[in-house]
Amino acid sequence: MPSIDVVVAREILDSRGNPTVEVEVGLDDGSTGRAAVPSGASTGAFEAIELRDGDPNRYQGKGVEKAVLAVIEQIGPELVGYDATEQRLIDQAMFDLDATDNKGSLGANAILGVSLAVAHAASEASDLPLFRYLGGPNAHLLPVPMMNILNGGSHADSNVDIQEFMIAPIGAESFSEALRWGAEVYHTLKKVLKTKGLSTGLGDEGGFAPNLESNRAALDLIIEAIKQAGYIPGEQIALALDVAASEFYKDGKYEFEGKSRSAAEMTEYYEELVSAYPLVSIEDPLYEDDWAGWKVITDKLGDKVQIVGDDLFVTNPERLARGIEEGSANALLVKVNQIGSLTETLDAVELAQRNGFKCMMSHRSGETEDVTIADLAVAVNCGQIKTGAPARSDRVAKYNQLLRIEEILDDAAEYAGRSAFPRFRSAN
């Protein structure tokens, strides 16, 4: 098979105007692969280290020239001559070169950029689309798009503590139909907000970020938009949350809706929401190191709703193994840049699926036009993808790639729909 001939990197801008790393890998047969690395706003404390320059005179300290140089001067020369299809060997060579537990020497942004670009180059050399190259002949499941249409928390400046309110078109027959439903609800929500005199400004991920009095007010607005768009809440379109609770956890308590709450009180609050709204999924309902609290909420609500670990697991197989062992959460959020390599991402997904955990592929709030995660979602048949509102090119690029994949798969394409959420029983 073709071997790695050249590795180059550059500093580009992400969707928030911050620098990030883009890598191109060239093989000796002329095949090339390119990948750009995303970056998060609410980052888990246990994520792999993203290398930033810290020079206040360039990009306010957020430059990534160090990571770019790490690719050009250290990683590239090390990988020349490697068989591009040996993904695990290549990733391991980079881990060995970095020689830290958290990729803090070369930077997870440098390592991931190379890791993904190698996969793209190898798929081109194999004359296969990336989803087929990584997933083999069984990759055929199109994910439910979990569209973040209302923003609060650290993605917006408002009184809403919950970071993301998502819609999940579970009743659609195909991915393309699901995307249409989502876009129609999104536009209807804009009209609803305008009618009520609320702001239609957008958050980082394309969702609206009005200043609302409560989290329930946000859910009520979305239910209203679903109905006005002509769909049935819970039957055709369900709801999902990303609470990002670590963002409002202070001194052992959750500062939520103007009150200081314990994990038990937060769990009671979620129980009320689950009984009142057609929720299929709650992500990061508690602090990222509150393992005992996570077990309690999973025991109480895990048979009714998907409890997703994002900051809890940070796509790390070791932390995920602990969650499986202790019964904390029942689903994994998959973010390639949290762990910093394709191999470890695939290992985490495999571990989750082997143990009955669902997986949701995810973007970051700082994205680019890179569409790798769309292919990855289909490659691992995870059945769910979270990549923002059906607006802004950095988000829509992923949805459009999934439309193309659905077209390539043709009759073999299967839309996950309701089957992605087996714990969700019925509409409210």
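Yeah, the Cβs are placed from backbone N, Cα and C, and that goes for glycine too.
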Per Swiss-Prot, Asp242, Asp310 bind Mg(2+); matching candidate in Glu265, Glu268, Glu283: Glu283
Given Swiss-Prot lists Gln163, Lys335, Arg364, Ser365 for (2R)-2-phosphoglycerate, the same-site residue among Lys358, Lys386: Lys386
Cα-nearest neighbour of Asp310 (Mg(2+) binding site) within the listed recorded positions, Gln163, Glu205, Lys335, Ser365, Lys386: Lys335
For the Mg(2+) site built from Asp242, Glu283, Asp310, further residues of that chain with CB within 8 A of the site's CB center: Gln163, Glu164, Leu241, Val243, Ala244, Ile282, Asp284, Val308, Asp311, Leu333, Ser362, Lys386
Rounded distance in angstrom between the Cα atoms of Glu205 (active site, proton donor) and Asp242 (Mg(2+) binding site): 13
Rounded distance in angstrom between the Cα atoms of Gln163 ((2R)-2-phosphoglycerate binding site) and Asp242 (Mg(2+) binding site): 6
